[in-house]
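Participant: Annotations for this protein, taken from TrEMBL, read as follows:
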type     : residues  : note
DOMAIN   : 344-367   : domain 'Clathrin heavy chain linker core motif'
REPEAT   : 551-697   : repeat 'CHCR'
REPEAT   : 700-842   : repeat 'CHCR'
REPEAT   : 848-987   : repeat 'CHCR'
REPEAT   : 994-1139  : repeat 'CHCR'
REPEAT   : 1143-1284 : repeat 'CHCR'
REPEAT   : 1289-1435 : repeat 'CHCR'
REPEAT   : 1438-1581 : repeat 'CHCR'
COMPBIAS : 1633-1647 : compositional bias 'Basic and acidic residues'
REGION   : 1633-1672 : region 'Disordered'
Amino acid sequence: MANPTDIPIKFTELLQLQSIGVLENAIGSDSCTLESDHFVCVRQQTGNQQQIVVVNPHNPAEVNRRSIPGDNAIMHWNKHVIAVRLATGNLRVINLQNEQVIKDVIFRREILFWKWISERTLALVTGDRIYHWDVFEEKSQPIEASTLREPIKKDGEFDESKKWQITHYRTTEDQNWSALVAIQRKEDNSITGKIQLYSRTHQNSQVIEGQAAAFGTIRVEGNPMETKIFTFAVRSAIGAKLHIVEIDNQNPSKKFSKKAVDLFFPPEAVLDFPTAIQVSKRYDIAYIVTKFGFIHLYDLETGNCLFLSRISSKPIFVTVPDSDSAGLVGVNRHGQVLAVSVDENKIIPYILEKLNNPGLAVRLASKGGLPGADDLLKRQFDTLVAQGQYTEAAKVAANSPRGFLRTPATINILKNAPQPSTGMSVILQYFGMLLDQGGMNQYESVELVRPVLQQGRKHLLEKWMAENKLGCSEELGDMVRPHDMNLALNIYLKANVPHKVVAGFAETGQFDKILAYSKQAGYQPDYIQLLQHIVRVNPEKCAEFAAQLASDENGALVDLDRVVDVFISQNMIQQATAFLLDALKDNKPEHAHLQTRLLEMNLVNAPQVADAILGNEMFTHYDKGRISQLCENAQLYQRALENTDDPTIIMRNIVRTDKLNPEWLMNYFGRLSVDQCLECMNEMLKVNLRQNLSAVVQIATKFSDLLGPTNLINLLEKYRTAEGLYYYLGSIVNLSEDPDVHFKYIEAATKMNQLTEVERICRESNYYNPEKVKNFLKEARLTEQLPLIIVCDRFNFIHDLVLYLYQSQQYKSIEVYVQRVNPSRTPAVVGGLLDVDCDESVIKNLLASVDAASIPIDDLVSEVESRNRLKILLPFLENTLAMGNQQQAVYNALAKIYIDSNNNPEKFLKENDLYDTLTVGKYCEKRDPNLAYVAYSKGQNDLELINITNENSMYRAQARYLLDRADPEIWAFVLNVNNIHRRSLVDQVIATAVPESAEPDKVSVAVKAFLDADLPGELIELLEKIILEPSPFSDNSSLQNLLMLTAAKADKGRLMDYIHKLSEFNADEIATMCISVGLYEEAFEIYKKVDSHLAATNVLVDSIVSIDRAQEYAERVELPEVWSKVAKAQLDGLRVSDSIASYIRAGDPSNYNEVIETATHAGKDEDLVEFLKMARKTLREPAVDTALAFAYARLDQLSELEDFLHGINVADVEASGDKAYEEGFHQAAKIFYTSISNWAKLATTLVHLEEYQAAVECARKANNAKVWKQVSEACVSKKEFRLAQICGLNLIVHAEELQDLVRQYERNGYFDELIAVLEAGLGLERAHMGMFTELGIALSKYHPDRVMEHLKLFWTRINIPKMIRACEEANLWPELVFLYCHYDEWDNAALAMMERAADAWEHHSFKDIIVKVANLEIYYRALNFYLQEQPLLLTDLLQALTPRIDVNRVVRMFEKSDNIPLIKPFLLNVQPQNKKAVNNAINDLLIEEEDYKTLRDSVENYDNYDPVELAQRLEKHDLVFFRQIAASIYRKNKRWEKSISLSKQDKLFKDAIETAAISGKTDVVEELLRYFVDIGSRECYVGMLYACYDLIRPDVVMEISWRYNLNDFSMPYMINLLSQQVRTIEMLKKDNEERKAREASQQKEEDNTPVLGGSRLMLTQGPASATGSGLGVQPSVSPIPFGHANGITPQPTGFRPF
């Protein structure tokens, strides 16, 4: 095997399927599919459920398990789409992400093989045809692509063993060519194969010999087009070949020569053969995988073999190319998902060194851009140049890997090459080669384009750009720009030159692309400058572009104010408005000033636009007070109201209903509070009743619930608007539940003589007080009594109504009421008339006049019967029957009358079917029980009948009724244990009812009832009477079964007698029941009687538990199944030898698993061998062969074991070896593992046999970490350190094994050997972090002087937290700080440096570290540390800590230690933060230093200090400058008197005057004014007049001037004052005159306007329409409420007046 460091391939195990729960038996070609390296799909059986497991090999944690039934499943190449083949013939394609079925078709033909051949297409191979199916096309079906030819074609006459197995189906990308591969096992176990090659273009196919095939494309030198090739591999008896042939040649002059090269197979791999070919398009390499796990790499252009190695000890049954087209991915029988690809860094050196083929190395490096041949190519290039072969040198440079020779230097060399006598120059040939290959870099593109543009051949440049052949750069774009701006823009785009791209978009007018490009490129242009340019060129585009900038998803890209300024500067109000509307559409609070600006701009210039903006309610954050004022000025009163909460403004504008939209007014009142609404409505009625009444009524209607009907009624009554009250109440009465509202409306309607409305409300309303309304209507004495009748009828005041009408002698009204209004009230009316002793003739006539169908007869009978006057109804009832009335109540009443009069009632009850049997039966119970029985039996009133018969001891009648009724529920009721009459009833059933019956069904119901009632004794008595005595039921099998079942439960002694007497019972059922109740002998007797021998044996074995009797029975009947049952019982009883003898006698090996297990545990290996030999005659089961092999091992029959293993067997050899290994049979285990070449387990076994060298060799072959570990432990314990190091190097690359290895060496004290192993492992390709970490830990323990060097070299690859702990334990402080810093643990680094200052502290390093700590407490610890250790460096440290330090805390810390002067530079540096502690500390220092200038700057610029305390200190200072500062502080804090007093004290009059003016207080000013007059300072007096002009009262100035003769000094002040007064008076006068004129005009307009539409009476006008254009009303026929929330106008209903 090749040295792992020399092999030119990368070999990786991506996944172990068994580690994610895939069962071992599911890993095979039938159930495990691999269509790409994105998904492995496995179908497995878990219990009774089929499961599909889909896993991503590159991310083993991404496992998808689905319960999807199906025979096979394959995943899409890269989508979560699975195709499933169901047993029903359906082909179903499912999207696993959303569980949707993409396609489901029925395909009746048997599919032998299927595969994805493209992103959309599935290939289906049947016995004779191949179909292609586009699964993503709607309504698509599989389409026939080709047919199969002999011998691959399936033929029903062929022997099963000779069938061909289809292994591959390949197509080209365009699907013009396809190849189907099938293999067949020959008699000598060798594999032959056939490939059917099909051309769709030629519609022809050819069958060739081969076991694997693939299509591909390669790049052949000298041919600009890719060459399509077909490659296939074949191994036959004469040898193995790889064939490479061209298909679809497009260039006859450049034909690819066929290749046929030998495939090498090791001599021991006689039966090995190629199973798959995968073509790497990236490197033009064919990967050939064989059955035995070998991989071959061949160069497709030359056919040279590049590499051969074995990658798997298990067969790889499926492979696919990887996503990068660099290698392949495959799955072997062990469940390993393996990835193999070319090692880019090793393949070229390998070809050069091992294959010694420089030409191939150069060609492959050029194709794949691989390193390793650069020096060779550079020398070749230089040699060709030196020889003058510039064309060949150009080819070398053009084809150089990764373009390492394509440099400016190369271009200069070729440009300076001599011009050939004919043809193009060398440089142009070079450029042509590059263009043919695909593209040019930036230097080459510039050199090529320059002469092209000079020649005016711009079309070539456009062509190359379209083909993406040029390397774009800013230089190239600048070169093209003068010739074609759009082309230059395209170059700038590809070269990513943002500033020139944006300029190009602007220059070409593509403004809409600027923003998208800038975001994509991460470039921030000067958008304002762009806008200023665009607004002059294209204002509309400018607005659109500005809107894009403002509405960017990441926030506005420009200052919106500046954008508006750009538009306003050009007087583009419309564009500015459009921009702001779009930019402010999100209505953010931070845009409040812009919203205000937008509205102001339009209210001044375009009020209609502002009105529309406000109407759309787009903005809510603008200055509503300002906007409201502007709206009112623009006569937009509605908008003014919307934007103000000022009650004064609301009252001023709300009364202008003629200027307000009615619908809006309704909604506006919805925003006001209840009190505000009522105040506004009151103001509206108060200011203009005529104009505003209709609006007030509509508002009251809409907000009635909110404002309260009581408040609104009071408001309307306050202004005596009876019409308004009527219409308001009419609008809410249908929705209101307030009884007072309904009553007031009835009152109002009555007063307005709207009796129709009164009648409607009385009929429809459910909320008025009926008693109150009834009394009101009675007192009202209306001309029509219909409203009163309606109220009494609805609320059951019938007695009062009849009494009122009877006393009022309105008999006609009573008659009309029962005839026309409500005939259903006739019973109550009749009752009332009877109560007032009305004559019977009147009542009879009244009944005769009413339609009997509308009278509730039950109520009428009840009313009359309760007064003992039932007989008066007989004529009425008989007349009712005569008229054809079939009401049940009529018959009930007649039945009662006939019963009472004894008028042949029994005949009536039996013959009549229309009366209520329950009612009449109840009526008869006390009068005649027999009549009650007749009624109840007729109506099947079961419970009532049972009660009446029980009460009267009528058991015989009850028994006959129950048997005839045949109702299980009724039987259950009467047979209940709580029924005291049960025994009497049962006697009558047995004695009378059953013998009389001839109906089997009804008797069966009775028997079941006895059974359900748990009356076994009575049931047996009943059944014996039916069965044992001659009767129609004697041979009834069901009854015989029931009798025997009952006897088995209740009287077991009778059962054996019944078994002999009866013959129609169900033997299986009765025997099963007997077993369940423990009657095993009876069950055995039943089975014997019916010759059921196996069942009888089961009873003996399972129930009676007599194996001896069972064996005797088996000898008597001599049946194989009986012997099998006996053998199983003997085995369960651990009579192993007897059991095996019985199994052999039965010839039954089916229970081999249990026999093997039991015999193995019992040590009966000799018997077991005999049994297994018998079993192998009929079975070929792995478990049997495995047990036989292990039995040989246990018996130490190793020669027999080897013979067995060399013969044909299906034993699980590996499992046998594992078991032999576990039980200590190591020689046998060695035989097992050797036979299957399981190097891993063989190595472990050899360790136990102390064959260490051989164990290492086997471990190398196995390459398994567990094996290496076991061998390593054994070698270390035997001090075989050379072998141990080999094992260790293979172990330490596995991080999980590293700790155990380290502990083993340390436990044995081999420290240097451990370090040697770890150091040797650092150079491995798979070296990981754990190795570097453990080496560092080992060095810290045993060689601490080498730790820092190790850390500096490998800190990026060390587990730093673990290494930190090791350094702490070893007291390596500089190393510890180093690790903390490189792990970003700055807190710990700083603390460590302070704690171990002698070893680890250094000022500049500490300063760099401390600023990065997260815990700021470390700052203060550092300050204390420096204060104690390095006080001179404190200022430098504080400078670094300033951004994050708590300055107040620092000041307190240094004040406490009395070291404030030490940090003065720091304090001055942080004073701009204006912190109180800092200001106080600085001020104290400055006072102490008497630096008044700096102190003045401090107190003026930084105000966070205690001003009073500082001023009090300063006013006592000896220097006047400090006292002046004190006065300034007092002035700043509004202590005017104190400040002025200090200024006067020091003669600082200017300061005093300024203080007085700033104070704004008249008394302070006047006091200072008089002070100056008192001291005679006239200049200061005049200065006061000018400085405090607005604060000095004129009378004070005149007084002082007169008293102190200062008129000349005061005259300028007086003149200015008089001028100002005159101007103010003129302005007020003008405003007053305008106001009076406006009020007079308004009053005149109001006087000429009617209240509601021109008519002073709303009664004649009707209710207002809510749908009109204004607030006016329209005439109406009847007064209907204004409008109702439900949209339905109430209509008058009821009877016409009489």
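Glycine is no exception: its Cβ is also placed from the backbone N, Cα and C atoms.
What does the local environment look like for each feature on the list?
Facilitator: Counting residues 6+ beyond its ends, the domain 'Clathrin heavy chain linker core motif' (344-367) has Cβ neighbours under 8 Å at 6-9, 219, 221, 283-284, 299, 301-302, 304, 306-307, 373, 376-377, 380, 399-401 in the same chain.
With DSSP classes pooled into helix, strand and coil, the tally for the repeat 'CHCR' (848-987) is 102 helix, 0 strand, 38 coil.
On the 0 to 100 pLDDT scale, the repeat 'CHCR' (1289-1435) averages 86 in this prediction.
Broken down by DSSP into helix, strand and coil, the repeat 'CHCR' (1438-1581) contains 113 helix, 0 strand, 31 coil.
Same-chain residues lying 6+ beyond the ends of the compositional bias 'Basic and acidic residues' (1633-1647) with a Cβ under 8 Å from its Cβ atoms: 688, 690-691.
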Participant: In the repeat 'CHCR' (1289-1435), how many residues does DSSP assign to helix, to strand and to coil?
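Facilitator: Split by secondary structure, the repeat 'CHCR' (1289-1435) comes out as 116 helix, 0 strand, 31 coil.
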